[in-house]
Every structure is written in structure tokens, then in C-alpha cells.
Amino acid sequence: FEISKWNQYVGFATLPNQVHRKSVKKGFDFTLMVAGESGMGKSTLVNSLFLTDLYKDRKLLNAEERINQTVEIIKHTVDIEEKGVKLKLTIVDTPGFGDAVNNNECWKPITDYIDQQFEQYFRDESGLNRKNIQDNRVHCCLYFIPPFGHGLRPVDVEFMKALHEKVNVVPLIAKADCLTPSEIKKLKDRVRDEIERFGIKVYQFPECDSDEDEEFKQLDKELKECCPFAVIGSNTVVEARGQRVRGRLYPWGIVEVENQSHCDFVKLRNILIRSHMHDLKDVTCDMHYENYRAQCIQDMTRFLFILHAVVKLTQDNRMESPIPMLPLPTPDVETDRLIKMKDEELARMQEMLNKMQQQIHDGKDQ
Amino acid sequence: MSESIVPPEVRPKPAVPAKPPHVAAPSPTAPHGPSGLGGGGSTLLGYIGIDTIIEQMRKKTMKAGFDFNIMIVGHSGLGKSTLVNTLFKSQVSRWSSGWGGEHKIPKTVEIKAVSHVIEEGGVKMKLTVIDTPGFGDQINNENCWDPISKYINEQYEKFLKEEVNIARKKRIPDTRVHCCLYFISPTGHSLRQLDIEFMKHLSRVVNIIPVIAKSDTMTPDEKNEFKHRVRKELETHGIEYYPQNEFDDDMEDKNENDKIREAMPFAVVGSDKEFQVNGKRVLGRKTAWGVVEVENPNHCEFALLRDFLIRSHLQDLKEVTHNIHYETYRARRLNDNGGLHPISANNTQESNL
């Protein structure tokens with residue numbers, strides 16, 4: 001028999017294109033959090049990255065107004081379309097962080113917010129109608145380190161440690177135009193050193209595929225060694241070297257935002273938007289969210305386990321329960337199954353305990 | 001016997017002060033009326049020479065030397081040490097060149113005083129730079145100004161004890177803080193809460209000169225806006241920085257000081273490295289897009305700060321500290337104690353502050 005040549009081609013190689021077309025139709029979403037003290041240029045950088053003006057109507061508070069301000073969480077959403085691809089971008093701002101005299105636990109509202117988004121997603125995912133789940137989970141957190149220091153300050157270390165297992169933390173050196181090239185290098189080395197020393201798990205760029213070409217691998221290596229990125233932002237256009245570029249005009253020269261020898265803005269933009277946006281989302285889903293979920297389930301079952309143990313205890317000893325009965329969370333299929341599992345485990349342990357008690361009792365009698 | 005007219009002694013005019021215009025120049029030839037003294041005597045209605053006392057004072061103070069104590073406050077990394085080194089053109093702060101040493105943030109605010117004697121034009125100055133590492137660097141900075149306040153008051157107490165002694169030293173060693181340079185972080189927005197708290201607590205105790213650190217991070221427009229906002233906030237909170245309004249002696253002082261007050265806080269940049277710009281060697285910072293020249297008034301206000309601090313108001317800073325801040329402290333102590341008794345030199349009583 002004959003095997004027609006053109007029947008060899010099945011055609012599923014077009015799958016990536018089909019996925020691509022569907023995603024383009026659906027559009028993408030991305031949630032970016034920016035954190036750091038006020039005056040670090042966060043808003044300017046966000047505007048520069050996405051060529052928007054998200055903070056048009058912002059009013060800057062003066063010091064008196066900020067005296068009793070606690071850390072707030074403010075969301076700005078903007079829809080950006082480029083070459084037919086739609087992006088729903090959400091910027092989560094954290095005004096008030098690190099601005100007070102006493103900044104103890106000033107990151108708590110931020111970690112609470114991240115957890116809340118996880119919790120909401122968890123609930124949605126476990127629910128019945130999963131077609132239109134809104135993904136508000138934070139995919140990346142840009143943390144702005146002041147360029148004025150000699151490395152990480154206590155508040156920087158504590159913040160990043162509180163967040164590194166909940167979100168992709170990308171540390172940046174803000175307002176890098178006030179540092180000379182050698183100062184930037186020293187600061188970067190110092191920060192990298194301290195990140196390792198304090199065990200802070202910042203976002204790691206994934207390894208290159210072994211089949212990528214040398215040039216790509218070289219670029220990738222440079223990128224990784226450039227961390228933390230020293231950035232400058234600007235939305236004003238200035239004239240430099242005969243061209244109109246985005247930059248900052250000083251009496252002694254012009255800083256060009258997109259000039260790679262001036263700052264790492266281009267590298268950051270490429271990483272964030274052009275190459276690693278999807279990876280950031282994946283890591284959020286596969287690692288941070290799953291960690292949260294596992295922890296959540298573990299906490300829930302542990303809670304129920306203790307509850308059941310207490311109930312059993314009070315039943316056995318006919319004592320007044322010292323602990324008030326707490327209302328159980330709304331049971332759903334998953335939880336019920338786990339409860340049953342734990343019940344069986346409890347029963348087994350109770351049986352073992354009885355056996356042991358019997359043995360001791362017998363031993364005493366002899 | 002013919003009188004030989006001895007020309008009146010013409011003393012060499014002192015270099016520094018100008019003679020007041022109403023005194024006529026001594027004339028070596030014309031006798032002015034009756035001369036009771038043999039020859040000369042014509043100077044009685046002419047030039048006396050009281051103004052030369054200034055020259056005498058100058059000579060004495062040059063011999064004795066000056067003491068100047070400057071405190072630098074601000075959180076870590078704002079270029080405090082570099083600025084002080086640039087101001088006095090010597091390595092006078094703890095760190096010889098910015099990033100040289102191990103910059104570990106101490107857990108509490110420490111007070112570290114380092115003294116150097118620097119000399120210029122025959123004038124010797126014992127400069128003490130008091131650094132305050134750890135200020136504003138912790139997560140919880142409440143009351144982090146207490147150690148600083150305590151130090152300042154302790155110096156006043158030391159001076160007071162010496163003054164009140166029966167057997168007083170000829171020149172009481174002056175360790176009082178004459179000037180406190182407070183470094184504001186150039187956020188471009190406004191003052192931070194800690195800035196306000198510190199200056200509120202200490203502006204009545206010591207001369208505070210706020211400066212905007214590392215100002216090469218702001219463009220000229222941003223700088224002006226920031227300065228304006230900072231001045232307004234200082235005014236709103238009733239913070240009197242040096243030169244204080246209430247201590248202006250006369251109109252001339254007031255006009256001069258008004259101009260300075262309007263220009264403060266000075267936005268400064270410090271550097272101890274030199275670069276070649278347009279054929280000249282200048283102090284500056286070299287970046288990929290240009291050289292920030294420290295002494296160029298178009299780039300930053302370092303020159304203004306230096307002239308103000310060192311070339312015109314150095315002595316005034318000391319006087320305000322002595323005549324006003326110290327006196328306030330002294331009055332308070334005397335009132336509290338119902339009068340201090342002269343303490344013998346061996347008394348090691350602790351201050352009850």
C-alpha cells in the first residue's frame with residue numbers, strides 16, 4: 001500500500017499560532033505592585049515604562065497631612081493596546097510605606113493585600129462558576145531602594161523578607177542619576193551581597209534553554225549580572241544629540257532614560273514587558289499561589305484537627321470545654337474530603353492510644 | 001630757644017578697619033591750636049586711634065585660635081561626611097573618603113566627635129565634627145533625636161559648671177555645638193515626618209542649618225519647587241532655622257539675613273575628587289552625561305553654603321550659641337535649682353537633666 005506523502009503532515013504544529021490568536025482575542029492582564037518610600041520616582045517610572053500618565057490627578061500630601069497616614073493600597077487600572085494585543089494593566093501603589101517615624105510592620109497592609117488576592121482567587125477557583133475568574137493576584141513587586149544609602153537598610157531587608165515568598169520581588173535602585181558609574185557598581189555589589197547574606201529570595205530569571213544561540217545566552221548573562229537594576233524615569237522629552245528623547249535636563253548634561261550607558265531602564269522594561277511578563281505570571285501561579293494554597297489548606301485542616309481533638313477530649317473527660325466552639329468555615333467538597341480524611345486519621349490514632357494504654361495497664365498488673 | 005616742631009607721631013594705619021569719615025586725617029605739618037605738649041599735640045582733635053583696638057583683638061584671637069563645633073545629622077548615605085570634608089577642604093570627618101570604611105548601621109544613635117586643627121592665613125581653627133551615625137536608619141525611629149539632644153545639653157552643662165567654678169580657667173574649653181547641619185533627603189516631594197520632628201525638637205536648643213543633600217538628583221525646576229515647599233513646611237511648623245528672625249540685631253543684619261533665609265535650604269553637592277573641565281581642575285562628580293561642578297553656582301549651592309557658613313557667619317553662629325542658646329539653658333538651670341552654688345573644681349556632681 002501507498003502512504004501518501006502529504007498525509008504525513010498532521011498539522012498540530014499550528015497549535016502555537018492558534019493559542020496565540022486566542023490569547024490575542026482574550027487579551028492579557030498583568031498586575032504590578034510598586035513599593036518604596038515616597039519620592040523614589042515610582043510614579044514617574046511606571047509612567048515611563050508604560051508610556052501612560054496614570055498619576056495625572058494625584059495630589060502630593062505635605063508632611064503635616066501625612067502625619068497620621070497609614071500605608072494605603074491604591075489600584076490604578078489602564079487598558080493598553082499595541083499592535084492588536086490588549087493588555088489590562090493594574091498598578092498597585094503603596095503610598096505611605098516607610099514614611100512614618102515609626103515604621104514597624106509597615107509592610108503588613110501590603111502582605112495582607114497580597115494574601116487577600118490569593119484568598120479571593122482560591123475561593124473563586126474552588127467555586128462553581130469558574131468561567132470568568134478575575135485574576136487580581138500580584139504578579140510582580142518592584143521594590144525601590146534609595147540610592148542615597150550604602151546598601152540595604154533594615155526596612156528594606158524586613159520588607160523583602162516579608163514578601164519574597166508571596167510575590168516576585170524585583171529590587172531596583174531608584175533615581176540612579178545621582179550616582180557615578182563606580183558608585184552604582186559598588187552599591188549593586190553591596191546590595192547583591194546583602195540579599196544573599198540575609199537570605200532574600202528575589203525573582204530569579206529562568207535559565208536559558210541550552211539550544212539558544214550564544215548571543216542570546218550572553219545577553220541573558222549580562223541581564224542577570226545587572227541586578228538590581230539602576231533606573232531613572234522621565235516622561236518629559238528633551239533634545240539630546242540632535243534627537244528628541246525622554247530624559248532629564250540638568251545644567252551639566254542630559255540624562256537619557258533609554259540610553260543603556262546612562263541607566264538600566266531599557267533592561268528593566270525588556271525584562272518586565274518584552275521577555276519575562278509571562279514568566280512572572282507563571283511563577284506567581286505555580287509557586288507563590290500554590291505555596292499560599294498549600295499553606296492555607298494545611299492551616300485549615302490543622303485548625304479542624306485541633307478542633308476535633310478538643311471535642312474528643314471534652315467528650316472523653318466529660319469536662320466543660322474550656323475553649324468555646326468556633327463556627328466551622330463553610331464546608332465545600334474539598335474541605336469535607338479533608339475533614340473525613342482527618343477523622344479517619346484521628347480514629348486510627350485513638351485506637352493506637354487505646355492499645356498503648358491497655359499495654360501499660362497490663363504491664364502494671366503483672 | 002627756638003622750638004623745634006616735632007611732627008606728631010603718625011602711627012601706621014591698621015589694615016583692617018576703615019577710619020570713620022568724620023575724623024580728619026592727621027596732618028604732620030599744620031599745628032592745630034595750642035600745644036601743651038612739646039611739639040606734636042595736634043592729634044588731640046584729630047585721629048585718636050581707638051579703632052586700632054580691632055587690630056589688637058585680631059592679633060590676639062589669631063594667636064589664641066578659634067574653636068568651632070559642627071554637628072552633622074541625617075540618615076545614612078546622604079553625603080554628610082563628604083560635604084563636611086568639601087567645606088573645610090580637609091579630611092575632617094570620620095570617614096576619609098566616603099565609601100572607605102565599613103558602613104555598618106548602629107542599632108542606636110551614636111555621637112562621635114572628631115577634632116582637627118586646620119590653619120589658613122595664619123589663623124588656626126580647632127574644628128570638631130560631631131557625627132551622629134544611626135540617626136533615622138532604623139525601622140522605628142521614635143525619639144531617635146534624644147541622644148543628640150542629650151549631647152547638646154551635656155555640653156552646655158559642662159560649660160556652665162566651668163563658668164560657675166570658683167577657680168575658673170582662663171579660657172573655658174568650648175565644646176558646645178555651634179551649628180547643626182541637618183541633611184534633608186532630596187525626595188522632590190516634601191519634608192519627611194522625621195525631619196519635622198527633629199527640627200521642631202532641636203531648633204530651640206541649637207542653631208540648625210537645613211541643607212538639601214545630594215541635590216544633583218534634581219533638575220533646576222524640581223529643586224526650586226522642592227525648596228519652596230520645604231520652606232513653607234518649616235514655616236507652618238514654626239521651625240526657626242538659623243539665621244533666626246528674632247535674633248537680627250539691626251536693619252542691615254535683617255536685610256542680609258532675609259536674603260539668606262529666602263535662599264535656604266541650600267541644595268548642595270559634595271565631592272573630594274577633582275576633574276578637568278574646560279581646562280580647569282574643579283571639584284566635582286563625573287557621570288556619563290557630564291560633570292557636576294561643586295563650586296559652580298549654576299550646578300548647586302555649595303558655594304553659597306560655604307560662604308554663608310564659613311566666610312560670613314562663622315563668628316555669629318558662635319555668638320548666637322553663647323548669647324542665646326546657652327543663656328536659655330543657663331537661665332533654666334538656675335531657675336530649676338534655685339540658684340547654682342559655685343562648685344569646686346573637684347566636684348563631680350552629675351547633671352540632673
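Positions of Cβ are set from backbone N, Cα and C atoms, glycine also.
All TrEMBL annotations are machine predictions without curation.
According to TrEMBL, the feature coiled coil maps to residues A:339-366, out of the candidate ranges A:199-226, A:311-338, A:339-366. Same-chain residues lying 6 or more positions outside the coiled coil (A:339-366) and placing a CB less than 8 Å from one of its CB atoms are 301, 304-305, 308-309, 312, 331. In the structure as shown, the Cβ atom of A:F148 (site 'Important for dimerization') sits within 10 Å of 24 other Cβ atoms.
According to DSSP, A:F148 (site 'Important for dimerization') sits in a coil region rather than a helix or strand. When averaged over the coiled coil (A:339-366), pLDDT in the model lands at 72.
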